[in-house]
Amino acid sequence: MAHGPKPGFTRWLYTTNHKDIGSMYLWFSFAMFLLGGCMALVIRAELFQPGLQIVQPDFFNQMTTMHGLIMVFGAVMPAFVGLANWMVPMMIGAPDMALPRMNNWSFWILPFAFAMLASTLFMEGGAPNFGWTFYAPLSTEYAPPSVTFFIFAIHIMGASSIMGAINIVATILNMRAPGMTLMKMPLFVWTWLITAYLLIAVMPVLAGVVTMMLMDIHFGTSFFSAAGGGDPVLFQHVFWFFGHPEVYIMILPAFGIVSAIIPTFARKPLFGYSSMVYATASIAFLSFIVWAHHMFTVGMPIAGELFFMYATMLIAVPTGVKVFNWVTTMFRGSMTFETPMLFSIAFVILFTLGGFSGLMLAIAPADFQYHDTYFVVAHFHYVLVPGAIFSITAGVYYWLPKWTGNMYNETMGKVHFWMAFVGLNVTFFPMHFVGLAGMPRRIPDYALQFADFNQIASVGAFLFGAAQIVFLFNVIRTVKGGKKATDEVWENPEGLEWSVPSPAPYHTFSTPPVVR
Amino acid sequence: MSLSANAKTTAKLLTLAVGMLGFALFIMPPLYDAFCEITGLNGKTGGRYEAVPAAVDTERTVKVQFVASHNENMPWEFKPDTVEIRVHPGEAVDTVFHARNPTDRDMIGQAIPSLVPFKAASYFHKTECFCFNQQALAAGESAELGLRFIVDPDLPAGVNTITLSYTLFDVTERIAKQANNKNTDSEREG
């Protein structure tokens, strides 16, 4: 039954092929990345100068809200699912995902969810304007009417994530080639297995919290309404019970990608493989018991503040294990600096930086000063942009020759890297300073003394945006043609995915490979 | 590899997902309420208290302060009769709040208590309180709202001042909506 893809558009509609679905996820996520990026540029353009120049405050709030939602749920998460679709079966020697039809379904409901979410921009009263964290009662009593569409969009993307996660777990647990024991799996597979469990555990909680909002808004319940005996603080607890594991959902697969790339270009095996696995598992476990560090200022007993403070700081231990392992892998390796490696090294350095500002925020008494300032914005952009986005980019450059059979343009890749690296730091580094100086987040206008740093940040943002156009151009060129890639692509890379021809045939491992 | 292995895994994971949804919807809110009730978190005070005979601790005096505010959409006038009372733990004390509906429509209000310090919340007992019920005031009507409370003699030492705050909410529409929902429900059943 060796046959290729169906011709025509229906190939994409009806496909159950993990490679097709992976590609669709990746393209979809890139489209959402550009859309969310444009919103970020509206924000940065408005903040170029103090005062109101371009947009009104309400629209500004819609932009910050939609930027956050689209980047988290539309760009980062689908990109990781796309990479998992492409790579997990090839890495474990499986012919396809375990549940191919559900795979198709879990992708194809996403465009509808985001079409619905984006359509709220054109509705009466505007799009959701209550921040991506949609705290009640801002998102219930004071919300624009479009909030109902937002709720259903979240329901659909939650269903999509859960189906995707179930599929990945089933694939990893049941479809491994003979001899591929759990502790022989590449780290990308391991991190995704753990991420998938996190998704299955917390996406229903997100669905639950928006359902409670829906009930409060339309059916007269009072989960979050003090007037009816509810409590808005309950919202924050339920939301962050989802929200904190969610931030690890966006970073654990990144750890896996970087753990695949660094050994290849350092030409040394990964240092401390099993400690990496255990560190990932510990981070996942800890993510469930630290949620209230997002709400230190909400009013908590001192015992609570202390517990969440220490538990949060504890996360630095397994994360530090990982960082030291990556550094040790590079130590005395014969390193070369191709584009995927550049992005991975930047990941290690900048993610560590973001981790350190996270430690600062974890100190409960200090957090009262930093809470809701640009320092927080700087922190989470430092962990998400060089963390999630850079690792995805690195992964795309690393595996693109395997997917397309062509080498990408290395010079253009390096140009992309340096533009993105400089742009990112110019954008987000000054935010630390304005944050510490007291500039609150989510404001369209600001006090004059923050003007210089904000101008610098805005310039950096446009540079970072331009870098992504170079990326898009490079990828399209590589898909269309270019220097042929060898089957191995890199010098002695580890993993089953390099044992199949480049480009990877439509069906791989129809007969299971032999794992040493 | 077999279909049944995948089906089994899927079934288990689906159960986990549905379980977590149930956890978020049906367990977390009551758990949070219970947690607040035990710890006094968020200053939630308990419901109606059955007075038990207890010795009045005349040695100790505690200041009880009253704060009355209303939600921004609530036009009623609302204030405590006395701003501060000195009480002995164990004695039952009566006080009143004044409320007036200055608008030209009939409205229903609901007062929500909150108490600081949080650790005193479970030692402040209300035997009667207007906050146990909704208050309906016709247009222009005013009312005296009664409160009878006992400060528990076991109140932790070091707590000398208790501040009880009431926020008044307009629940007219909420009540109407609930009544509507009930009507449609009964129509559906009938």
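The backbone N, Cα and C atoms fix where each Cβ goes, glycine too.
The feature domain 'Cytochrome oxidase subunit I profile' is assigned by TrEMBL to A:12-516. Among the features that TrEMBL reports, transmembrane segment is placed at A:25-45, A:65-86, A:107-127, A:147-175, A:187-215, A:247-265, A:277-296, A:308-328, A:340-364, A:376-400, A:415-436, A:456-476.
Outside the transmembrane segment (A:65-86) by six or more residues, the chain places 18-19, 21-26, 28-30, 32-33, 35-36, 39-40, 43, 97, 103, 106, 110, 114, 117-118, 121, 127-134, 150, 154, 157, 161, 164, 168, 188, 192, 195, 246, 249-250, 253-254, 257, 384, 388-389, 392, 395, 399, 403 with a CB less than 8 A from a CB of the stretch. Beyond its flanks by at least six residues, the transmembrane segment (A:456-476) meets 30, 33-34, 37, 40-41, 44-45, 47-48, 393, 396, 400, 408-409, 412-413, 415-416, 419-420, 422-428, 430-431 of its own chain at Cβ-Cβ distances under 8 Å. Averaged over the domain 'Cytochrome oxidase subunit I profile' (A:12-516), the predicted model reaches a pLDDT of 95. Here the transmembrane segment (A:187-215) sits apart from the transmembrane segment (A:376-400); fewer than 3 CB pairs are under 8 Å, leaving out pairs fewer than 6 apart in sequence. Most Cβ pairs under 8 Å to the transmembrane segment (A:247-265), among the stretches A:107-127, A:277-296, A:376-400, A:415-436, belong to A:376-400. Cβ atoms under 8 Å from those of the transmembrane segment (A:340-364) belong to residues 251, 254, 257-258, 261-262, 264-265, 293, 296, 305-306, 308-309, 312-313, 316, 319, 323, 326-327, 330, 370, 375-376, 378-387, 390-391, 393-395, 397-398, 414, 417, 421, 424-425, 432 of the same chain, restricted to positions at least 6 beyond its ends. The transmembrane segment (A:376-400) makes contact with the transmembrane segment (A:415-436), as judged by at least three Cβ pairs under 8 Å among residues 6 or more apart in sequence. Sequence-distant contacts of the transmembrane segment (A:147-175), counting only residues of its own chain at least 6 positions beyond either end whose CB sits under 8 Å from a CB of the stretch, comprise 69, 73-74, 77, 81, 84, 88-89, 92, 94-95, 97-99, 102-103, 105-107, 109-110, 112-114, 116-117, 119-120, 123, 127-128, 134, 139-140, 185, 189, 192-193, 195-197, 199-200, 203-204, 206-207, 210-211, 213-214, 217-218.
Beyond its flanks by at least six residues, the transmembrane segment (A:277-296) meets 183, 187, 190-191, 194-195, 197-198, 201, 233, 236-237, 240-241, 243-245, 247-248, 252, 255, 304-305, 308-309, 311-312, 314-315, 317-319, 321-322, 361-362, 364, 367-368, 371 of its own chain at Cβ-Cβ distances under 8 Å.
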